[in-house]
Ligand code: GAR
């Protein structure tokens, strides 16, 4: 069974989906720890309720960003994590960190990458008049939101939508698909080799599973 560590900064609804998927047996893995860069993250309450140890690393406690990431890396090594899952972790990881754990870090991002990397993806998509938005699950490398794509899910944006409607639609997809991708990784079905994502030994298309051109 694989050891999973989840990095969060806030609400932790994706963390909750993973906790539930471990409990139901969908993910054959164990969330060994939750790490947050925000002491007030509600996800820490979720971890506590599920009996998962948590650790807080706040930027103000470290002289440099590098030093903070190194402290997190030591903690992850101590846990002997096989998989690092970023779930709303709103802090850019240093290249030293991403290289150290290459092929073992997953991220979820609320857009159809490569469109709308970075922040405020919903507002930017709606301002641009997009008729669809979505989420991307990808391996993490040193380029922000730039690692190989594993799976994307699209949702419509309707003319009458408020931003909350689109957020709810995207998050529903996140909660459905992040546990699935983590289950693949824990079952040794999903791998990253030379910066490319493979499922069951087959190279995934550039936009991820099910998006053959
Ligand atoms: C998620 O919607 C995730 O896509 C986004 O933060 C949210 C966290 O929600 N991540 C990013 O924007 C990363 N660039 P949660 O704390 O309820 O899981």
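Glycine is treated like the rest: Cβ placed from N, Cα and C.
Annotated features in TrEMBL:
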type	residues	note
ACT_SITE	109	active site, proton donor
BINDING	12, 13, 14	N(1)-(5-phospho-beta-D-ribosyl)glycinamide binding site
BINDING	107	(6R)-10-formyltetrahydrofolate binding site
DOMAIN	2-182	domain 'Formyl transferase N-terminal'
SITE	145	site 'Raises pKa of active site His'
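Distribution of TrEMBL features across the structure.
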{"residue": "12", "record": "N(1)-(5-phospho-beta-D-ribosyl)glycinamide binding site", "DSSP (3 states)": "coil"}
{"residue": "107", "record": "(6R)-10-formyltetrahydrofolate binding site", "DSSP (3 states)": "strand"}
{"residue": "145", "record": "site 'Raises pKa of active site His'", "DSSP (3 states)": "coil"}
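Inclusion criterion for the recorded positions 12, 13, 14, 145: a C-alpha placed within 10 angstroms of the C-alpha of residue 107 ((6R)-10-formyltetrahydrofolate binding site); this criterion is met by 145.
Rounded to a whole value, the Cα-Cα separation of residue 145 (site 'Raises pKa of active site His') and residue 13 (N(1)-(5-phospho-beta-D-ribosyl)glycinamide binding site) is 20 Å.
Those same-chain residues not listed among 12, 13, 14 yet with C-beta within 8 angstroms of the centroid of the N(1)-(5-phospho-beta-D-ribosyl)glycinamide site C-beta atoms are 8, 10, 11, 15, 16, 17, 43, 46, 87, 88, 175. Cα spacing between residue 14 (N(1)-(5-phospho-beta-D-ribosyl)glycinamide binding site) and the residue listed as 'active site, proton donor': 11 Å, rounded to the nearest whole number. For the pair formed by residue 12 (N(1)-(5-phospho-beta-D-ribosyl)glycinamide binding site) and residue 109 (active site, proton donor), distance between Cα atoms is given as 14 Å, rounded to the nearest Å.
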